[in-house]
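Report on the following structure.
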There are 2 protein chains.
Amino acid sequence: MNIVLARSAGFCFGVKRAVNMAFAAAEQAGPICSLGPLIHSPQLVERLQGEGVRVVASVAEMTGDETVIIRSHGIRREEEQQLRQRQLPLVDATCPFVKKAQEYAGLLGEQGYTVVIVGEQEHPEVQGIVSYACSDSVYVVADVAGARQVPSGRRLGLVAQTTQAYENFRAIAMELLGRCKELRVFNTICDATAVRQNEARELAASVDRMLVIGGHNSANTNRLARICSDIQPRTFHIETASEIDPAWLVGAASVGITAGASTPEWIIREVVEKLQQLTK
Amino acid sequence: MNIVLARSAGFCFGVKRAVNMAFAAAEQAGPICSLGPLIHSPQLVERLQGEGVRVVASVAEMTGDETVIIRSHGIRREEEQQLRQRQLPLVDATCPFVKKAQEYAGLLGEQGYTVVIVGEQEHPEVQGIVSYACSDSVYVVADVAGARQVPSGRRLGLVAQTTQAYENFRAIAMELLGRCKELRVFNTICDATAVRQNEARELAASVDRMLVIGGHNSANTNRLARICSDIQPRTFHIETASEIDPAWLVGAASVGITAGASTPEWIIREVVEKLQQLTK
């Protein structure tokens, strides 16, 4: 059986960077914690805990003598201010693309624009971007219908959660253009998501089975699995190699594999090895 | 026969204002000229000449003791500078909406954006806006195909000739959004054009004949005539009442009338009177 692993499977640039920073800090620093889980991978967070990195939910939970790692999705401005007030040593592992989105939201808020953020209201990245807009006039919209709820204004500014789909972002921008005299758009979408999805589409179309690896609670992995199963109905979403059912592979000449942005490399490797064993 | 005159027929706000300013200046000032024809109506320009307003093609042609009227479409920045250097008394009849487009182009150029102007390259309004952008990086695009010729850049700024159709403007904005990290759009379209066109559409659909009055060389009148004839094939484009052929009206129960943005009110009145006579 032919096993094809997508080039873009697994960690994106920002996640890879955050993980490297966290392990390096755990090695060098004394007591250390991360404000929220570093990335959306329970397996990786557990490994970091093994290295002494405990996860705290708020600044209040910190002991005061710890180094603090800021997670890849970023934190809220108020949290950053609390950290700075407490003068804790910081390791800022915020993805540089997320940082840009925060900065542009801040610039728009500061210059008096009504700030619109394309994204998922509940996502920590979006909550962070909202806080950096420093404005009472901020709207999070998921789609064109949401954009129609933004009140017409003279000056609208637009940024996006970095993992948004460009077509949705563009459609929202065009809806907003009709609701203002000035529209200032910062395209803060990182194309890693689109690259991974496009590669998954191509791969799913060329294989008999498709495996998508990543947290069952990971938004980007779920989306990836949905994209693949639209093309290859025999698509299976798994979190680890242990979930593979050998019955899935009966009669398959080829299996494609991809993985979400926060799926560690060793989990992908275990899946590949398990498949190799099963088809020996 | 029923004669229906469109509410929006004739002078738009900017043209009306320019004409009022020019006649007032002609009454008060001594020698007076306009740099380029005040509006795109030969009949009106002729009337102004009767009041002593001569049309000059360049600053060099001015005598030096004249009051100068700046036409509704605006002039080029170099011309404005020449006028200011010569310290000639100015009557600035530039349409305030055109002025806004010039100012926004200037702001974008000053702040380092590549400036894109949606409009007709050869139109004096567009040539004026281009000059106020004060940048080497200015592109005039007429449509989406034109927008595809704009080189990808980090920061693009967009304004429009005031008479452009919003749908075209929006489509170009969408194309440009994919070519940059930041797109800043000032919607400088004046809705008088759309209001007139929409009313003409409705009127053309409800009458047996349609008359569109305006200069045969007037871009906006030609567009208006084309819109009407798509709906009512018995549409006739005339410049003055003298062009009406009575044969057009045979068997008609109703005639609709509209007129371009630079068609003087007295020309419209003459057309209505001529129709009334013909159908008495």
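Every residue, even glycine, has its Cβ placed from backbone N, Cα and C.
Site annotation (TrEMBL): [4Fe-4S] cluster is bound by A:CYS12, A:CYS95, and the candidate from A:CYS180, A:CYS190 recorded at this site is A:CYS190. The Cβ of A:SER218 ((2E)-4-hydroxy-3-methylbut-2-enyl diphosphate binding site) lies under 8 Å from the Cβ of A:HIS40, A:SER41, A:GLY260, A:SER262, A:THR263, each of which sits 6+ residues away along the same chain. A:GLU125 (active site, proton donor) and A:ASN220 ((2E)-4-hydroxy-3-methylbut-2-enyl diphosphate binding site) have their C-alpha atoms 13 Å apart, to the nearest angstrom. Within its own chain, A:THR162 ((2E)-4-hydroxy-3-methylbut-2-enyl diphosphate binding site) has A:GLY14, A:CYS95, A:PHE97, A:VAL98, A:ALA101, A:GLU125, A:THR188, A:ILE189, A:CYS190, A:THR193 as residues 6 or more apart in sequence whose C-beta sits under 8 angstroms from its own. For the isopentenyl diphosphate site, whose annotated binding residues are A:HIS40, A:HIS73, A:HIS123, A:SER218, A:ASN220, A:SER262, the maximal Cα to Cα separation is 15 Å. Taking a C-beta cut-off of under 8 angstroms and a sequence separation of 6 or more, A:ASN220 ((2E)-4-hydroxy-3-methylbut-2-enyl diphosphate binding site) has the following same-chain neighbours: A:THR163, A:THR193, A:GLY214, A:GLY260, A:ALA261, A:SER262. With all protein chains in the displayed structure included, the most crowded Cβ environment within 10 Å among the binding-site residues A:HIS73, A:HIS123 is that of A:HIS73.
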